[in-house]
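Peer 1: Mind looking over this structure? Questions follow.
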Amino acid sequence: MTKTSLYPGFFISFEGIDGAGKSTHIESFKKLMQERYPDREVVMTREPGGTPLGEQLRNLLLDAPMNLETEALLMFAARREHIAQIIEPALLAGKIVISDRFTDASFAYQGGGRGLSLAKLNDLEQWVQGRADGKLLQPNLTILFDLPGEIAQARRSKVRTPDKFEKLDLVFFEKVRQEYLRRALEDPSRFHKVDATQTPEAIWNGLQALEINW
Ligand SMILES: Nc1ncnc2c1ncn2[C@@H]1O[C@H](COP(=O)(O)OP(=O)(O)O)[C@@H](O)[C@H]1O
Ligand SMILES: Cc1cn([C@H]2C[C@H](O)[C@@H](COP(=O)(O)OP(=O)(O)O)O2)c(=O)[nH]c1=O
């Protein structure tokens, strides 16, 4: 059985290091899905966040310095609420859910970047995404914007005031990137890797050509 058949809906996550180009494409991608599947509702959401409690946790997570384990636990607490309130009900109702980040980000940032053990992250993933039937709720498709840390940093420095994670250095973002790539290798049927060094137009053409295996 594929993960796709766990729910009538379809779950897509967008991932990548800060500045890789997710925000540039996610709204248009939502519109594309809506045009392609006019009889389905498309729900756009994000992590950390997605629920009133999750958004409160997001404010804390993005600004307050905290112990690494605390950070991971709060990320997964926000995720549990997000799954219970938003993601699972939408998937059960046959909707398309697009989330700006999901669990791969915890492996990449708290694991790869900050060094939390993958065993602990695996436990949290099982805890928060495990279902009564023993299967794991995962995105059906994860679109990973892959970009060298240096290029992402140059793009970021042009635009915005950095949050807590964005202030971290180049070595950190390379480790984050490598963990994303490791996760992609581990589950190649779920991941679609985008070469984010391409022009926005080329990236968009690639996204439009992407086949959704419902
Ligand atoms: N393919 C691209 N080539 C050059 N610059 C880009 C590309 N995609 C996005 N950018 C620019 O890089 C910056 C970061 O992009 P953004 O989409 O906000 O990244 P993210 O949401 O992944 O952090 C923005 O200024 C954006 O205009
Ligand atoms: C979901 C998640 C995000 N993050 C981090 C990655 C980002 O730096 C930050 C917020 O992500 P994001 O929403 O992509 O921020 P922005 O749109 O402002 O770039 O949270 C984690 O460290 N772990 C997680 O599990």
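Every residue, even glycine, has its Cβ placed from backbone N, Cα and C.
TrEMBL lists 14-203 with the feature domain 'Thymidylate kinase-like'. If you look up TrEMBL, you'll see Gly16, Ile17, Asp18, Gly19, Ala20, Gly21, Lys22, Ser23 marked as ATP binding site.
What does the local environment look like for each feature on the list?
Peer 2: Looking only at the domain 'Thymidylate kinase-like' (14-203), the predicted model's pLDDT averages out at 96.
When secondary structure is read from DSSP and collapsed to three states, Ile17 (ATP binding site) falls in the coil class.
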Peer 1: Name the residue among the binding-site residues Gly16, Gly19, Gly21 whose Cβ has the smallest number of other Cβ atoms within 10 Å.
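Peer 2: Comparing Cβ neighbours within 10 Å for the binding-site residues Gly16, Gly19, Gly21, Gly21 has the fewest.
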Peer 1: Rank the binding-site residues Ile17, Ala20 by how many other Cβ atoms lie within 10 Å of each Cβ and give me the one with the fewest.
Peer 2: Ala20
Peer 1: So how many other Cβ atoms are close to Asp18 (ATP binding site), meaning within 10 Å of its Cβ?
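Peer 2: That number is 22.
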Peer 1: Name them in sequence order: residues not among Gly16, Ile17, Asp18, Gly19, Ala20, Gly21, Lys22, Ser23 whose Cβ is within 8 Å of the mean position of the Cβ atoms defining the ATP site.
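Peer 2: Those within range, site residues removed, are Phe145, Leu147, Ala152, Ala196.
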